[in-house]
Amino acid sequence: MQATRALIEFLGRINGGIGRAGVFASACFIALMTLFVIAGVFFRYVLNNSLSWVEDVSLILMVTTAFMVAPFAYRSGGNVAIEMLVEMLPHKVLRAIRIAINILVLWIIYRYFFESLQLVQRGFAIRVNTVPIAWAWPYMAVPVAFFAMALVGFELILRDLWALLGGGEALDLPHHAPQEPE
């Protein structure tokens, strides 16, 4: 039991660090994207000289941002949830359902991870229109995100198994449902 607890805590530290790094990188990418768009508007409408690369770079940053923050969102429960149904279920049934859902999510991640590797491979043959790089470089965020999400999925399954098999709820992650604005 101690080895399992140590594994869960180790995965938690790794996934927490990956999640924080992804959120930080995403915030930086959004800031860069905002600056690039403002610069693009300034150059186009004030200087009457358009920057051709702004749209492609902004697209790359936007897509990369979504994939970099995905593991954090998955781990923190920032996904679609039906809270009313969840609150009505017995605790052990809820854990079993969460395990089944996370196994399904892992299967989907597994399938898309290998497809994303093929996407990266194909991306080496395609160049970005206005930036001198292959599309494979921005595409690399996709398999990295799927790998990080797989680690999160394993962690969540282990946490629910731990609680379901009598280990208690001490290893639960806090999940806060989004609140409706008043």
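Heads up, the Cβ atoms here are built off N, Cα and C, so glycines get one too.
Sequence annotations record features per position, and here TrEMBL assigns transmembrane segment to 21-45, 57-74, 95-114, 134-158. Here TrEMBL flags 33-161 as domain 'Tripartite ATP-independent periplasmic transporters DctQ component'.
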Residues of the domain 'Tripartite ATP-independent periplasmic transporters DctQ component' (33-161) by DSSP state, where helix covers H, G and I: 100 helix, 2 strand, 27 coil
Per-region confidence, the domain 'Tripartite ATP-independent periplasmic transporters DctQ component' (33-161) (mean pLDDT, whole number): 88
